[in-house]
């Protein structure tokens, strides 16, 4: 039994290899890009857009609203990154209904890669938002004693992000595989449906957590009226997810 | 090992590429389209607002002009009505005045006509009556009648006294020309002498006389000097009668005229002021009075 699509290698040359993870990622990229291109090729600014355009508009504006809900003031700055994160993970989860498909997000390599992008994006947006000094000072809040804990927190949440997604997606695939061997017909269908739901929830959680981390980094400290400063609390999504 | 670091790097690069692709093909076009639509909707709404404002302004302008037009129309129609009314009054008054004037003229004309007719009739009747009387008396006049008339004249001359006598004496005295004695027929010398004698005796002076014949007298003798007249003739009686008849006619016409109705229709019945018949001169009247 394979735990990860990484283990399905189509071609290898030294360290370079083409495994199922990369291949299905490319396929997903192709589907997303070509699908978007096909739909957005005939965009209209009329009052009555086409159904596909309406769908994409709903998706995009929905993501935008979610980002804004998290507390990011200018959602369009983060839309490219966070939106793509959600769409990629969600599409990867939705495609699990296709026979023979191996979700790239069931590979820890993919989830680690995504978590690493978040790990990079958080300081990137943080520094863009409040400058290098401001961002670095946020590690010493409320006191410099918290510096190591903040660093550990940064690293651990990245790891948690990666493992959470991997665990959920992989487990879904694993459970499905096991159930197929035990009860080949009816039950896997139910589990697949459940897996779709789980996959979408995970996509949402992954994107929202990334947004929360970015939000925490971009608006870490702002002086209030009393001259004191308090870190603004991002919404308590993380606790819920961990729970 | 669950983590394949080459795959990790590759997936990170793939993800970065996907971010770019999605930005290129999805977010940008969609957001642009939404922004354009919003702008378009905003423009349409703004345009609609502008048009609504404009329509409102135009409606207000229209209402204002309408009200102004109504006011002007009312004012003009009132003025026209007033002018028409005034003109109507004027025309009516003018017509009434013309009608009144015409009526008065017609009335006057009818009165005048009626009067003329009455006068003509009265005169005609009078003349006819007196012509007949005169002719009858003239036919009856004979020498003996003339003589008798002469006697009556002389007798009256002798009987003359008082104021009439004084006036006649004064007239005879003041007149340089001989006193005129008129008669219908030629007086005989005896008659002339008798008259001369009677005058001389009556007035105690010699009165120069000249004698003329006058058929107008019908029958009678008349003495006239310096405006005073004394005589006896049937013509005088006839004149007196004519005067009486004329007075009667006049009175009748006056009473009819005073009873005249003012309306036009009643005028057809016509009554005119009294027609004045030929009146005797004052001297004749006096002579008549004296003679009678």
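Placement of Cβ uses the backbone N, Cα and C atoms for every residue, glycine included.
Listed ranges A:44-64, A:107-127; the one TrEMBL annotates as transmembrane segment is A:107-127. With a cut-off of 8 Å on Cβ pairs spaced 6 or more residues apart, the transmembrane segment (A:193-216) and the transmembrane segment (A:20-39) reach fewer than 3 such pairs and are scored as not touching. Tertiary neighbourhood of the transmembrane segment (A:81-101): same-chain residues 24, 28, 31-32, 59-60, 63-64, 67, 114, 117-118, 121, 165, 169, 172-173, 176, 192, 195-196, 198-200, 202-204, 206-207, 210-211, 214, selected by CB-CB distance under 8 Å and a gap of 6+ residues from either end.
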